[in-house]
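Enquirer: Mind looking over this structure? Questions follow.
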């Protein structure tokens, strides 16, 4: 090691051994897949202001590819070429892979350089094609996948199983099930035998669109072709049933897994419970939740499974049961609810008009370190407004502003209800009229202030036809939420009138 301050005073004769030693270090890091150490070695070499040689560039670009540092990898590639060193196909492939996550467009530009033959000595190979297909997937440019495959064919790149699996991944991510079927047919025509990954990708594509029939058909084909279906395969098929609204078929697949002795995991049970939840069949969801809890395989429910079960209860208007599940996951299974589970419990409070319980859930969630979002406050607001608990609703708005949670359109709809209907002028009247401020006429008619104003739906979607009919409601609500009032911003009324004229 030499101090960086003295590196600038080194002669070329002295710096050569250091560069060669640095190359040995970089090569060792690449061989051992120690990418973080390799990056640190690059930083050390950079501090010494030493001119890289060809081997240094090659190793550096390979390390940056694994670290997904696209701009830096491309910079070194261009610097390498500018200094007269010959960039190989490997350098282009590594630079493309480095750009896959956020700089996919740059990866495609590099691919076009290679494809066009503009770089002497650089030709397309399997790695180039794979990197280009990865860029298509990251950029959601599924239309380019076929053209890239044809270009590979034209440049005599072997259309292997790996390439076809990559193409299927592009189409599956874009939910292009028609192209998935075309690709599978082309594989069959060319004699490329699918493997488990192929079938999992195809079944996963049908799962995303809820086509459980196609998913089941390809599961059967997979078995018939002698490819073993794994836990991942069945989980994809179960997800297809969940998204397609067929929990009964999901239950059949689950039994098939048992009969074939295919292992189950958290995802299996979670997806099965989710299938019944989406169909609003809370009894089925709870049945499989209980079965999971009693399992001797060591698989216990997690937040996703409980959240799905609570969602099933909410869809089935079983708010009390959903809240019991929240208590059960804490007290029996020792889980700390996450944001999604807390929001599902608050949704139960909103549906059941349980303001006090909603406020308690928020309090405990904060103590447990759960980050509350706008959905959390919207559901709690809905619970308070439905039962005409105006002071609590206003306090929630202040908490929301204090915690810097940005309101959305649903929040504004709920807040305007507070100011439109306002705190009751005579609290004694509310005490006499009945529980939570509902009048005897409202209870007799089976409605309350929340139902009458559509607040039971406000938590799920915002009605664009709703307009506040009291002057100043929006500005007062915005002020309580910590937003500037309309008076603080230039009015656009005159412009609107001019355009209308």
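Including glycine, each Cβ sits where the backbone N, Cα and C put it.
OK, TrEMBL features for this one:
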type	residues	note
COMPBIAS	457-473	compositional bias 'Basic and acidic residues'
COMPBIAS	488-501	compositional bias 'Polar residues'
DOMAIN	133-296	domain 'PROP1-like PPR'
REGION	421-501	region 'Disordered'
REPEAT	160-194	repeat 'PPR'
REPEAT	195-229	repeat 'PPR'
REPEAT	230-264	repeat 'PPR'
REPEAT	265-295	repeat 'PPR'
REPEAT	373-407	repeat 'PPR'
Enquirer: Given the model, what does the mean pLDDT over the repeat 'PPR' (160-194) come out as?
Expert: 94
Enquirer: DSSP helix, strand and coil counts for the repeat 'PPR' (230-264)?
Expert: 26 helix, 0 strand, 9 coil
Enquirer: By DSSP, what is the split of the repeat 'PPR' (195-229) into helix, strand and coil residues?
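Expert: Grouping H, G, I as helix and E, B as strand yields 26 helix, 0 strand, 9 coil.
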